[in-house]
Structure formats: structure tokens, C-alpha cells
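K.L.:
I'd like to ask you about the structure that follows.
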Amino acid sequence: MPTITLPDGSQRSFDHAVSVADVALSIGAGLAKATVAGKVDGKLVDACDLIENDASLQIITPKDAEGLEIIRHSCAHLVGHAVKQLYPTAKMVIGPVIDDGFYYDIAYERPFTPDDLAAIEQRMQQLIEKDYDVIKKVTPRAEVIEVFTARHEDYKLRLVEGMPDEQAMGLYYHEEYVDMCRGPHVPNTRFLKSFKLTKLSGAYWRGDAKNEQLQRVYGTAWADKKQLAAYIQRIEEAEKRDHRKIGKRLGLFHTQEEAPGMVFWHPQGWTLYQVLEQYMRKVQRENGYLEIKTPQVVDRSLWEKSGHWANYADNMFTTQSESRDYAIKPMNCPCHVQVFNQGLKSYRELPLRLAEFGACHRNEPSGALHGIMRVRGFTQDDAHIFCTEDQMQAESAAFIKLTLDVYADFGFKDIELKLSTRPEKRVGSDELWDRAESALASALDSAGLPYDLQPGEGAFYGPKIEFSLKDCLGRVWQCGTLQLDFNLPIRLSAEYVSEDNSRKNPVMLHRAILGSFERFIGILIEHYEGAFPAWLAPTQAVIMNITDKQADFALEVEKTLAESGFRAKSDLRNEKIGFKIREHTLLKVPYLLVIGDREVEMQTVAVRTREGADLGSMPVAQFAEFLAQAVSRRGRQDTE
């Protein structure tokens, strides 16, 4: 006679084993109809699963985060059902849940087309309309092998082979289609109505480019049509803001097949890049950082000492010269330790903050490359702080403040922070971990900042803080990192002379604010839709004459603004002024200065914004002062 305790503390007793669905029905028919699954003693189970002993139970509905994830997972299975009906020779691989949706990897003799994607979606809708029950059967291993052998599902058999300890597995039946999964899944297809297939892409079996290529069908699913419509609207807005399209339209950069994952910066884009670099250089100098430059190609021996060769070799570009193995650096930290090691340091010299705009290269899979957001060649705003254990908290607090100030200058105020603590496998004593975790937590607390605790998610060599910023579409981008490291200074023999004259290893704080210039610029492009604040805009003002008679004065204005440190240019083409205004508005230039005969006579400029606001005529010096104020605000105001 199980007694079921519900979240409100109420209890229900039954004289026999009872399913989650039956408990829901005993509460009410409406709840029973909305039941997706259950959480029994904290563990997610299917609605059909029996509860035989006393237990706590939470009924999971589409309104719960877990319910939405289950809906998405079941939609992936529905993709399998539709694909097997339309393309019987296709072989199904895996179909997991991802952020905002799901995908299914499929092996098929030809590439799927957009027409195929539409056909699969239509068949899924037809299957949903049949309103059939999804049947779960816990099946012995040998029978699972028989089922997938009879269906020629080679990849499912390989997955079973990779789970030698599993003697029974969950099979979920969508009518004639069967898939293997730990579950749980929806009890009926009526929960899957609010979905949409979104795109196709390539993938590799087990994510390894050496393996056979597969096709990936992506989709999204939501609890109701309203949520789906809102998501589709966000996606359409994101597509409008795609940094690749805007980058091409504004002449910022391009990529091409001959240099996959590498960026060709154009004059406008390189100007933007340099503005970021000069800003970060100034900020770091003001906060006690010393800028250095280290080699890009380094002998294998250093990477072996640091541990990167053993753990990261597949992601490193390597070469040989004179019988020696080299790697192009994927990160800067081992080289920064070499700078620290030149000359024995005293505790009086700590903390030592070494910064580098370090060019790094990583051999990312070609399928993962994405514009300038995911590249093989990139530059980090990288720095390493070498300090004593007693200095960890103060250095962490200073970095947190610096990072939030930088994000605010770029217009990002909504920042999420995560503190990741010790994993099971780690180096260093528990006492050292206690101090390190306490230092990071205290630094966050002293700043009055809320944060999510991620137990066990730290690196084996130290805890870390992650900084994620939220853009105008509500998307979250993880950019900044503060990582404490007890291990690398020991591996690379970094030492300092302590106050008692003994030699000790410093604590090393790996830190970055932007992450990489390339990715951060991509985020900025999408956040601002290319309409950068005046301080970032590659061209801050364009001066346009109405006729040739005003050309000389236009050039004078350009020179005056340039001498004041502004990025201004003249457009003296023999085009109608309306045409010029439209063109530079589309190029997102913040300020458009029009000069006609009256402006020449009065020695003024007629000022318009890219948004179409008419600011009137003003002397050049007054506009320069106005522009200087706009630049000084940086991104801390949305409108200027």
C-alpha cells in the first residue's frame, strides 16, 4: 500500500502499486490530461511507471522545465517516426535535446533538401493528429538486439554494443516505429503539437570527423503555440541580426574556404577591432597589468610539461622543423609562465599581472565553424595574475569589478555569474580548495552579486567564475572567465621567495573579459544589429555635400574632426543628397552631416542621426563637443 506525498505535503494512499498517471487522475481529470511524466523521490519517470512503495511525487506538466525538455525529446523520436515512413532505408542514430529544441542524426544515401525537411515536418503533423499513445517497454538486452537487427538499424546496434553493462533497455514505440532511450517520454502525441523543424546540417558519427558523415535535422518544440510563435519571432530577429550578413553588408570582414575558420578583416572591421584593442589596453594599464608578447610557435617539450600535449593534442596545429616538433599555441598560459620564470621573484613583486592580446589557433572541426563566432584563429584578451594565496580574494574582487565595468561600457548590464567548485578528481589539498572557493565566493558576495553555484564543475586544478552576458534578444553568451590554478605553476616550476625566505609556487589566476576579440565583435554586431554606439562605430560621422560648391568646406570639416580624434570621412560623389543619406544610413553611420550653401555661409553643418532625427545646424566645434560627449558615454546609454 504505497503512500504518495505530494509537493503541498498532502498524502494519498493506494492499496496497490500505482502509476504516475493514476495518481494524477485521482487528483483530477484535468491534471491527468496534462501529465507528461512524474518525479518520484527526485527522479524523473514515465507517466506509466508504477510506484510500489511510499514515495514523494511531483506531477510534471508542460508548464515545468522538465516537461518541456521531455516534449522536445519526444519530438526527436517523432522525427524518427516520420523519417522512417518517408525514407525507409534511412538509419536512425541519436536524437538528444539541446537548448530550445532537439535534433536527430540520420544516415541516408543522399543529402536531405529543404523540400525533404518540409515533408518530414508535414508527416510529423499528420502523425500528431492521429493522437496515438507512446508505449514504453523495458526490454531485455538480447531482445533489443533482435529488434534493431530485424530493422537493420546498424547505429542503434552500435549504441547497444557501447553499453555492455545495460541488461535491459527502454524501448519507446510510436506505432510501428521504435526507438531506444532512457526516457522519460510523453504518453501521447497530443503534447507535441507546438513544434517546428528549423534547419539541416551535417554531423559525424560520435562527433569525430574521421567517422562517417551523417545528416542532422534540427527542430524546436514548446508547451503551446504562443510560446512557439514567440520563439520563431526571436529566431527571425536573430537571423536579421546574423553577424555574417551584417558583416558583409557593412564591409567589416569575410571568411572563405581557402582559410577555414580564419578571418579576413576589411578596413571598417579592422578599425572596430583596433578600437576594442586600444580600449582594453588602456583599461588593463589603468588596472596594473603589464602587457607582454609571446611566441606563437613553441616546441613540443613545453606543451608536454604543461600537460596540453597529452590532453589537447587533437586540437593543436603542429609542424616540424629540423627534426623538432612544434605546435602553434592554442592558449597563452604556458608562455606567460615562462615570462614569470625569468628571474626569481620576491613576494614583494606579487601580484604580478601579465596581459597579452594573444593570437591563438585551435583545430576546431569544420562543421563547428560559424562566421567569426567560432573560428580556428583568434585573439584573446588574455592575462594571468601570479599571486600569493593571501592575495586571491583581493585580486578576484578587483577582476570582478573590472569585468562588470567593461561590460557596462559595451552596453551589457544583465550579467549572469556562475561559481564552479571542486570536482571529485583534483589536485591540491582540501584546505587550499577551501581557501580558493571561499576567496571567489567572498569576492562575489562583497560585490553584492547573485550567482549560481555549480558544485563539482570546477577544473581539476582550481575553482572558477564564469561571466555570461545577455544580449537584446535575451540570448546568453559566456565570455569572461576567472580560473584559479594551483597546478600549472607547479608543473612549470614557477616559484617566488616568500616572506620567510622559502620558495613557494604562486597561485595563477587565468582571466579573460571579452574571451576572444572575434567572438565578442560577433556578439556586438548582433546585439546592436550593426548600429554601434558612437565610440565603437568604424565611421563616426560622414560629411556630405549637396553640390560641388561645398566640397572644399566638407573637406575642411573632415580635417577638423579628424584632428580632434574622430573617425570622419567625406562623401563628395556627384550623387543626390537623398541617395547619400540613404546609403550611409544603411551603413549605420551614427551621424550624417549635410552641407549646402547655407552651411558654407554660416560655417555650420546640418546634423542628422542614422535613426532619422534632425538635430539642426550647428558650428563644427559644437558638433565636435556633442560627438565627444556621445563617445565618452560609450555604450552606457542606448540612445545618443
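Just so it is clear, glycine is given a Cβ too, placed from its N, Cα and C backbone atoms.
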K.L.:
Given that Swiss-Prot assigns CYS333, HIS384 to the Zn(2+) site, pick the one from HIS243, HIS254, HIS510, HIS527 that the record assigns to that site as well.
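P.N.:
So the Zn(2+) site in Swiss-Prot includes CYS333, HIS384 plus, from the candidates HIS243, HIS254, HIS510, HIS527, HIS510.
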K.L.:
Apart from CYS333, HIS384, HIS510, which residues in this chain have a Cβ no more than 8 Å from the mean position of the Cβ atoms of those residues at the Zn(2+) site?
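P.N.:
Filtered neighbour residues, in order: MET331, ASN332, HIS336, VAL337, ASP382, ALA383, GLN483, ASP485, LEU488, MET508, LEU509, ARG511.
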K.L.:
Given the binding-site residues HIS384, HIS510, and counting only Cβ atoms in the protein chains shown, which has the most within 10 Å of its Cβ?
P.N.:
HIS384
K.L.:
Going along the chain, which residues six or more apart from CYS333 (Zn(2+) binding site) have their CB under 8 A from its CB?
P.N.:
SER306, ASP382, HIS384, ASP485, LEU488, MET508, HIS510
K.L.:
Based on DSSP, tally up the residues of the domain 'TGS' (1-61) by helix, strand and coil.
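P.N.:
Summed by class, the stretch gives 14 helix, 24 strand, 23 coil.
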